[in-house]
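Comments concern the structure below.
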């Protein structure tokens, strides 16, 4: 094998290992943050401050019985969780996580595939991930699962359009679909960040991201009070876990995308090196995702569609038109 292939394989293994662990650890962080905001303690008994709770949860998931309902389409039922988890990690392959660095005299580029349509690839693979909940709900032979699948299709397709339209305006300014080029466009300092020239695009992209991740207040796919666990109702054990590993991995990817698109990416921030700066910015957005879950109420499906098609979509189109006019002038 050529050195390039070996390096790519090593990068894939490192990304999958690190972000699988981070996705699991994020569940612990979420429980502690929610507990703090609700005046509770959260996990406390497994390890110091409950930090080993993720190991206990992992053992529980691996040892639980894997049940396939009698009325389910077994092949599709088993494939659906794999689609959700796989697309989450495939999307990461075009995301530049850090600036280049030297390791044992070799220059390492912390991106698996530096393609010139990086943002398009990430959004496209993320859209394919919709088939996970859709196939899971359709194949389960359960009415609650089917309702969850229907909600997943409507919600994710609708907000995928908003997500794509929202980033058109900043892409028009940059003139490239490459995430590295978008990062380099903001290399002049904090005042070159695209969030200052495209605040509406940032808000639209962030809201659409919440909806595509199935995060509060847009958690309609598996809302317990209405449709039990939605598309995941009939799942147990590690198959159930794969859905939520995919969800938290997508959350990390979205945080990186927001930072790369609007907040200077991995460019140095004053005296802070670029690698540390991007981690701090990503951590802020991950905390924001958890904070919103604790603070915001659940909304109805009709309200969600109204917001998408009658508020967010026109605003995204208006932003594109205004940006085009400004660029022409």
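Glycine residues also receive a Cβ, built from the backbone N, Cα and C atoms like all the rest.
Copied from Swiss-Prot, the annotated features are:
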type: TRANSMEM; residues: 9-29; note: transmembrane segment
type: TRANSMEM; residues: 79-99; note: transmembrane segment
type: TRANSMEM; residues: 117-137; note: transmembrane segment
type: TRANSMEM; residues: 162-182; note: transmembrane segment
type: TRANSMEM; residues: 188-208; note: transmembrane segment
type: TRANSMEM; residues: 243-263; note: transmembrane segment
type: TRANSMEM; residues: 269-289; note: transmembrane segment
type: TRANSMEM; residues: 309-329; note: transmembrane segment
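Counted over residue pairs 6 or more apart, the CB atoms of the transmembrane segment (188-208) and the transmembrane segment (309-329) come under 8 Å in at least three pairs, which marks the two as touching. Residues 19-20, 22-24, 26-27, 81, 84-89, 91-92, 95-97, 119, 122, 126, 129, 132-133, 136, 167, 170, 179, 182-183, 186, 193-195, 198, 201-202, 205-206, 209, 212-215, 231-232, 235, 278, 281-282, 285-286, 289 of the same chain lie 6 or more positions beyond the ends of the transmembrane segment (243-263) yet place their CB under 8 Å from a CB of it. The stretch in 79-99, 269-289, 309-329 that contributes the largest number of Cβ pairs under 8 Å to the transmembrane segment (162-182) is 309-329.
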